[in-house]
């Protein structure tokens, strides 16, 4: 315990970020960054749009239903407070302080830059399949502009003999021993409902067939993959065009769109909650939602699902928060903004759950089946089956359908803007010469993403979607989150990072809460979740329902899924090992070329022998140290501990700086150059 306390006491001085210091530094042209938020409120709305997304409407209720309704809320709130909020704080602070996205922000510990690259990979994979959901919402929105909604009745060319419409009495009508796919009142209105005789007992609602047969054209197996279909491909193209147009100018354009994507969904969601609560069976659904089934709280699967939802909902471990906060002013109060956004996101998921479970209760009663069976069989199509069914029973259903799917589109686009911005920002950071060609980068990214996403529009595309949602940007986000916290708290140093926060806010905001969570609770909880998930993992299956038999995914898909998972996190060890050997061989070359003064050799050894390190240990130290140019990106903020960044070395000295590692020892004096004769105190923590 003494070693731990000593570790966090190292470098105990506080950086005084006074205005007087910063005012003495002149602003140069390179500090004038046009890629900056016009107003702080645009940043807040963009964060809300990013965090409050489709996950709050379809993913949270689906996971809650799958994990025992109200029982899911207990681990959800616990992990939200102990893992979600602290990492959210970390990413906003790191992005704003460094004015860098995930590609370069982790130069604070050279060997751990792979954490940022892993974020980018998670963001890209999630971006690809997330926009597929947006394309579904876009398809439904276009289909809503008609008097009679297409999913309210059978008799269309995509319906089969099993199609039926839930009514006041869902018992199938039987006449002369012949069973029909409708109720008796619907049979009496034969012209409107187009009832037909059936032999099977597996009924499928019209809304289910609209989603699975018309939109997805879902095949019976992963192997029956097929080729891209017209309707979903056109919808996907439209979704990528909208995304490209909205982020073409970066935060200058997406910040304006955020006013709509952040506010409009709440208006529609409130209307939907009120309307769905009046449906028959809604009370039973809400009871299923709010009454915990305590036996599920102790299961690791429930906690794993809660952790996945916390990461997915808040948008942590994707790098999008860092990319957004990198466009903030250095003194922006991100802590207050974080509290607003996190509260909105947490409560929105719970609020939306009432609408979802009220609708599930209604449909379960109409189908005369347990709520658990219907909720679990709905799967990711929950928002495109239960909600449309509820809307079809509302007065002015066409208007409500337009509003609802416009809300889904707004929710999805807000998150998609942030996800798409991550690879674009990273590309411009890694290749600064393209910084003036952001529009071209956006266009190329959207075109390539559309082409790569086309397999999702195939009949077997829904199986690919399920595979990616299970293995990509799921458990890998928890792994990345663990290494984020570990890098900041233990490699870079908790104390030093809080001093960086003080440079921005003038105080070490939420210091004790962050110390307990970053240094102890969050890493332990994340490790438990990671290993329990790995131990309990099993082959993916789809429950029977919506006219499909139970489906067990083939063994090769499981192998492919684990390769996807490894690909999401492989940059972390790969970059660390690569950079370690680079440091090791750099030290070796220095030792070979170093001339030793034999006359003073004994004196030096006697004096400094206790400081001597073997090469392999020194390489680890250097690998865990910040890169020579780590610190605030803008020159006006180069003061205090980072005043050395104001010194512009000559060309020859630049090459020396690239291999010269600061912060190797506590308070080590490091001469930047003979010309300037500037001695700067260095500390690692």
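Backbone N, Cα and C atoms are what each Cβ position is placed from, and that goes for glycine too.
Note that the coordinates shown come from a computational prediction; the quantities given were computed from them, not determined experimentally.
Per TrEMBL, the feature transmembrane segment maps to 43-61 (among others).
What TrEMBL records for 52, 56, 313, 411, 415 is Na(+) binding site. Its Cβ taken as reference, residue 313 (Na(+) binding site) is surrounded by 24 other Cβ atoms within 10 Å in the chains shown.
If you look up TrEMBL, you'll see 73-94 (among others) marked as transmembrane segment.
The transmembrane segment annotation in TrEMBL covers 115-143 (among others). Sequence-distant neighbours of the transmembrane segment (115-143) (same chain, 6+ residues past either end, Cβ-Cβ under 8 Å): 54, 58, 101-106, 149-150, 215, 231-232, 235-236, 238-240, 242-243, 317-320, 322, 380, 384, 388, 401-402, 405-406, 408-409, 412-413, 415-416, 419-420, 422-423, 426, 449, 452-453, 456-457, 461, 465, 468-469, 472-473, 476-477, 479-480, 483-484, 487, 564, 567-572, 575.
According to TrEMBL, the feature disulfide bond maps to 154-163. If you draw a 10 Å sphere around the CB of residue 154 (disulfide bond), it holds 24 other CB atoms from the protein chains shown.
Per TrEMBL, transmembrane segment is recorded for 230-251 (among others). Long-range neighbours of the transmembrane segment (230-251) within the same chain, counting only residues 6 or more positions beyond its ends whose Cβ lies under 8 Å from a Cβ of the stretch, are 35-37, 42-43, 46, 131-132, 134-136, 138-139, 142, 214-217, 257, 324, 327, 413, 416-417, 420-421, 424, 438-439, 442-443, 446-447, 449-450, 453-454, 456-457, 461.
Among the features that TrEMBL reports, transmembrane segment is placed at 263-283 (among others). Long-range contacts of the transmembrane segment (263-283) within its own chain (CB-CB distance under 8 A, at least 6 residues past either end) are made by residues 45, 52, 57, 348, 351-352, 354-355, 358-359, 361-366, 387, 390, 393-394, 400, 403-404, 406-407, 410-411.
Positions annotated as transmembrane segment by TrEMBL: 303-326 (among others). Beyond the ends of the transmembrane segment (303-326), by six or more residues, the same chain brings 43, 46-47, 50-51, 53, 55-56, 59-60, 63, 66-67, 72, 75-76, 78-80, 83-84, 87-88, 91-96, 98-102, 105, 116, 119-120, 122-123, 126, 251, 334, 342, 345, 349, 415, 418-419, 421-422, 425-426, 473-478, 480-481, 484, 525-526, 529, 532-533, 536 to within a C-beta distance below 8 angstroms of the stretch.
Within its own chain, the transmembrane segment (338-364) is flanked in space by residues 44, 47-48, 51-52, 55-58, 60-61, 64-65, 69, 73, 77, 80, 84-85, 88-89, 92, 166, 205, 266, 269, 272-273, 276-277, 279-289, 309, 313-314, 370-371, 373-375, 378, 382, 386-387, 389-390, which lie at least six positions past its ends and keep a Cβ under 8 Å from the stretch. What TrEMBL lists as transmembrane segment is 338-364 (among others).
For 399-419 (among others), the entry in TrEMBL reads transmembrane segment.
Sequence-distant contacts of the transmembrane segment (440-465) (same chain, six or more residues past either end, CB-CB distance under 8 Å): 127-129, 131-132, 216-219, 221-229, 232-233, 236-237, 240-241, 243-244, 247-248, 380, 420, 423-424, 427-428, 434, 553, 557. Under the heading transmembrane segment, TrEMBL lists 440-465 (among others).
If you look up TrEMBL, you'll see 471-492 (among others) marked as transmembrane segment.
Here the transmembrane segment (512-535) has Cβ contacts under 8 Å with residues 8, 79, 82-83, 86-87, 89-90, 300, 303-304, 307, 475, 478-479, 481-482, 485-486, 488-490, 494, 498 of the same chain, all six or more residues outside its ends. What TrEMBL records for 512-535 (among others) is transmembrane segment.
Among the features that TrEMBL reports, transmembrane segment is placed at 555-581 (among others).
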What are the other residues, in sequence order, whose C-beta lies within 8 angstroms of the center of the C-beta atoms of 52, 56, 313, 411, 415 at the Na(+) site? 49, 50, 51, 53, 54, 55, 57, 345, 348, 349, 414
With the transmembrane segment (73-94) as the reference, find which of 43-61, 471-492, 555-581 contributes the most Cβ pairs under 8 Å. 471-492
What is the separation, in Å, between the Cα atoms of residue 313 (Na(+) binding site) and residue 163 (disulfide bond)? 35
Only counting partners 6 or more residues apart, tell me which same-chain residues put their Cβ under 8 Å from the Cβ of residue 52 (Na(+) binding site). 262, 265, 344, 345, 348, 411, 414
Only counting partners 6 or more residues apart, tell me which same-chain residues put their Cβ under 8 Å from the Cβ of residue 56 (Na(+) binding site). 313, 345, 348, 349, 352, 411
Taking 10 A as the limit, how many CB atoms besides its own sit near the CB of residue 163 (disulfide bond)? 28
